[in-house]
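**Student:** Annotations for this protein, taken from Swiss-Prot, read as follows:
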type	residues	note
BINDING	Lys120, Met157, His175, Gln176, Asp177, Trp193, Ser266, Arg275	2-oxoglutarate binding site
BINDING	His175, Asp177, His264	Fe cation binding site
MOD_RES	Lys59	N6-succinyllysine
MOD_RES	Lys108	N6-succinyllysine
MOD_RES	Lys231	N6-succinyllysine
MOD_RES	Lys252	N6-succinyllysine
TRANSIT	1-30	transit peptide
Amino acid sequence: MDYTRAGARLQVLLGHLGRPSALQIVAHPVSGPASPANFCPEQFQYTLDNNVLSLEQRKFYEENGFLVIKNLVSDDDIQRFRAEFERICRKEVKPPGMTVMKDVAIAKQGYAPSERVVTKIQDFQQNEELFRYCALPQIVKYVECFTGPNIMAMHTMLINKPPDSGKKTSRHPLHQDLHFFPFRPSNLIVCAWTAMEHIDRNNGCLVVLPGTHKGPLKPHDYPKWEGGVNKMYHGIQDYDPDSPRVHLVMEKGDTVFFHPLLIHGSGRNRTQGFRKAISCHYGSSDCKYISVKGTSQENIAREVIEIAEKRYGVQGALDFEDTWKFRCRLVKGERINL
């Protein structure tokens, strides 16, 4: 299969070059109600037949593109994920392939290694402790409602939104996750995003634009923010600023599942604490890779390839598809295409 060939090719390259430690990168809300789940579609488009979601939950996701499940992840699991994150921040753990990101405003201040300087870790699929999140049975049973039984963990994050420095760099611009993904169909992709503590507008909760998952993928680029923008924080260049928005106030353990075309972002953290959340983007292994050449995704493809080539010390040996094939990991079922 392609993923075997690509993985083997990269493994050979890395075998000669050795694997470096995790790369470190310097990295106007209007509230509105979600649409009521009172419609009867002729055919469900965004959810699969199952006995997990109630009819009302299924209708809500179909109409709005997201669904919050309360108290899904235990306090004990969240504490374990927090402890492992702190070990990574202290550089006691260096899983292969993981990216450690710093806030663009904080990175210049020269703090010692700690959670104070790390704003996010990405691609922790090879860290067995954090990967437990991706495989939690209570998470996976909901994921299967969107992806079907063959489930891949495609992209993982533990987000540590820092107190804003005053430059508003702790914001995450409104975006669609599909901008970052070279695989389709989008309806077989879902994100699980779990609050690791109480999250509200004060510390930068998620904000979503209900129903936008029904629209197209929009062009993304870096927003022109005066205080600077974190690495790979692309945002939508064209959206209706008057669109209704919902701010997701969540308690520790609450989990939101959302579609990759749903427009969402987060505000700045106005508190003195660090706002933590853990997430995984899942895709059905029946999805297929696509070429993004000539599309609005070319800009992120160039950026990801550049980072991967720098990490692995290779030039011209990778394409966008390779970077995903090497990172993703099977969660359940059979690995078919991805």
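From the backbone N, Cα and C atoms, a Cβ is placed for every residue, glycine too.
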**Student:** Could you measure between Ser266 (2-oxoglutarate binding site) and Lys59 (N6-succinyllysine) for me? Cα positions, answer in whole angstrom.
**Tutor:** 25
**Student:** Have a look at the recorded positions Lys59, Lys252, His264 and say which one has the shortest Cα distance to His175 (2-oxoglutarate binding site).
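**Tutor:** Nearest in space to His175 (2-oxoglutarate binding site), counting only the recorded positions, is His264.
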**Student:** When the number of other CB atoms within 10 A of each residue's CB is tallied over all shown chains, which of the recorded positions Lys59, Lys252, Arg275 has the maximum?
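**Tutor:** When each Cβ's neighbours within 10 Å are tallied, Arg275 leads.
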**Student:** What is the total of other Cβ atoms whose distance to the Cβ of Ser266 (2-oxoglutarate binding site) is within 10 Å?
**Tutor:** 25
**Student:** In the structure shown, with every protein chain counted, which of the binding-site residues His175, His264 has the densest set of Cβ atoms within 10 angstroms of its Cβ?
**Tutor:** His264
**Student:** List the other residues in this chain whose Cβ sits within 8 Å of the Cβ centroid of the Fe cation site residues His175, Asp177, His264, in sequence order.
**Tutor:** Leu174, Gln176, His179, Pro260, Leu262, Ile263, Gly265
**Student:** Using Cα-Cα distances with a 10 Å cut-off, which of the recorded positions Gln176, Asp177, Lys252 are near His264 (Fe cation binding site)?
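**Tutor:** Final answer, ordered: Gln176, Asp177.
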**Student:** Among all the protein chains here, how many other CB atoms are within 10 A of the CB of Met157 (2-oxoglutarate binding site)?
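**Tutor:** There are 20 of them.
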